[in-house]
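Peer 1: This is the structure I want to talk about, given as structure tokens.
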Amino acid sequence: MSSYGAIGIDDNDTDPLLDDEPPRRLPPAGGVPIGRRRAISASQIGSVPSQSLSRQPYLFTGGLGLRDESLLSLHSEDDLHREHNNALRYRLYNRLDPGGEHLTMPDHVLPPNLFSILPFEELKDVSGKQGSIVTIFSIWNTMMGTSLLAMPWALQQAGLVLGIVIMLTMAAICFYTAYIVIESPKRLQDLSIDPLMTEFSDVCKSLFGRVGEYCAVVFSVCVLIGGVIVYWVLMSNFLYYTGAVVYEAMQPNSTTIPVMENKTFTCDVYCPEQMSQWTIPQWEKQIFDAVSELEGGETGDDSWSFDKFWTLRGTVPIYLAVALFPLMNFKSPTFFTKFNVLGTISVMYLLMFVFSKLLECGVNMDFSNPKSMHYVQLANMHFPALSGTLTLSYFIHNAVLTILRNQKNPENNARDLSIGYCLVAFCYVFIGFTFFAAFPVQRSCISDNFLNNFGAGDVLSSTARLFLLFQMITVLPLLMFLVRSQLFYAIFGQTWPGAFRVIVLNVMLIAIAVGFATFYPNVGSILRYVGSISGLVYVFALPAMVYIKQSSAAGTLTPLKKYAHYGIIVIGALNLIAQFVI
């Protein structure tokens, strides 16, 4: 490990701090006092003779029996305690792994390359660190997920002006709580915890005990499971329409793409009949439609037909389960991290796709005539659909410490995080507003997956479906790995408790995902409910409580700060309640 590469070691490859014999006395090169062992600084390397450049032992100069007043005066008591713990930790690590070449991070600390946009290690610098540009785009790439497809629908639910205000406000709140998360390890007073290798669940455990740790882990896992469900719904959708296009193109004398019956085409955009009015999901109808597709549709014909064996809410989600299940059981997902850059490419494509539709259809907005097909509401009472969706859209709190762990210049963490959030907010506003402004029919027709507003024969949308399908197939194993790692480490203390338990967990997760894709494939509703429930705890409550606890311990908590952070928790609670009331 690079953190031990500059630590010296004697010729016998053992830790001198553990030997019974007194240490060798070094010559006074570079001003090092005889009898005082210490790590050689980078500025002194050039002045030390070559024979002295063999690795020297780590030395703690402020304890272990030393009582030099001149040394003690240079350090605070906390510094001495921390250095003492580092010395003890080094003694243990050096005995376990002489030379520091094989010792790895704890199992529950996620490797930073899971979220990096760099597909290969060769693209990083010699120290394995990443600069601010890579860090910013890794943050951006991690947050820009499936909710991007639902953003025009969510904006329509809130109204144009109110929706944009909510988008920017939620971005500011989520950025601030994420900033609390990245600063929290540095403010821990528990000297036994290494801030550089700490996850937010470790911070919660240190401050609130096991209850805090389990809350962080459980709701982090809930977000990930919600992501798996949304991915499965969208992949089923993309695979179904892609398969339909391929099948139709293979038919004799086929010169056209499948005809969309009973659809209103305008500017290559159509309005699904079921989207004509906003309604609360009707579970009975959802189940009836799904069962009807599973039974072969309304024809009742037992003979083979493509429409019978290729149904959106019947067979396609099951085909996906059979095809993708082997990919879920890899012990390490390292191979799939090489495709992280596809997320950046897919977002860029969607931005260009939506902008091209704006150029094609023009701006279709009317602010004065409520009876006009293009009438735009500035505010709408259904705005909780947007705030709930955005809570999940801006969620990076369980991954931000991992992403920033490889930062070359940690002092830029706050700046890079803020730039990342600004880019994400810009993309959400751009996608939402552009599609909303260009939509050529009544806006109640906007689907919670805006690609559904385009026929399977639309070239650009078909290309987007195929590309997103491949990208999601490569990301899904990473999501399953994150669920498995966090859940199993919390229960069994290890991320791989055996193949049998991993397979059982994956079967359960896939069964849940297939169930939602079959009986409740409403992407927007899944996003808003998962976001509001998990966000209340992980985005609003835990960061605010951590800040209050740490500030109180440091004596810097004022009444204004206290009530302001309680207000953040109240906002999260109201956001959750509003999903079921308004």
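The count begins at 1 with the first shown residue.
The backbone N, Cα and C atoms fix where each Cβ goes, and this holds for glycine too.
What you see is a predicted model, and the numbers here were worked out from it, not measured in a lab.
Taken from TrEMBL, the feature compositional bias 'Acidic residues' covers 10-20. Sequence annotations record features per position, and here TrEMBL assigns domain 'Amino acid transporter transmembrane' to 135-242, 321-578. Sequence annotations record features per position, and here TrEMBL assigns region 'Disordered' to 1-33. Among the features that TrEMBL reports, transmembrane segment is placed at 133-154, 160-182, 214-234, 310-328, 335-355, 375-396, 417-439, 459-482, 502-520, 526-548, 563-581.
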Peer 1: Looking only at residues six or more beyond either end of the transmembrane segment (160-182), which have a C-beta under 8 A from one in the stretch?
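Peer 2: Residues 154, 200, 365, 376-380, 383, 386-387, 390-391, 394-397, 400-401, 404, 413-414, 417-418, 421-422, 424-425, 428-429, 432-433, 436, 539-540, 543-544, 546-547, 568, 571.
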Peer 1: Return yes if the transmembrane segment (526-548) and the transmembrane segment (417-439) have at least 3 CB pairs under 8 Å (sequence gap of 6 or more), otherwise no.
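Peer 2: No, the transmembrane segment (526-548) and the transmembrane segment (417-439) are not in contact.
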Peer 1: Any chance the transmembrane segment (133-154) and the transmembrane segment (310-328) are in contact, meaning at least three CB pairs closer than 8 A with a sequence separation of 6+?
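Peer 2: These two stretches do not touch.
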Peer 1: Would you list the DSSP helix, strand and coil counts for the residues of the domain 'Amino acid transporter transmembrane' (135-242)?
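Peer 2: So the domain 'Amino acid transporter transmembrane' (135-242) is made up of 95 helix, 0 strand, 13 coil.
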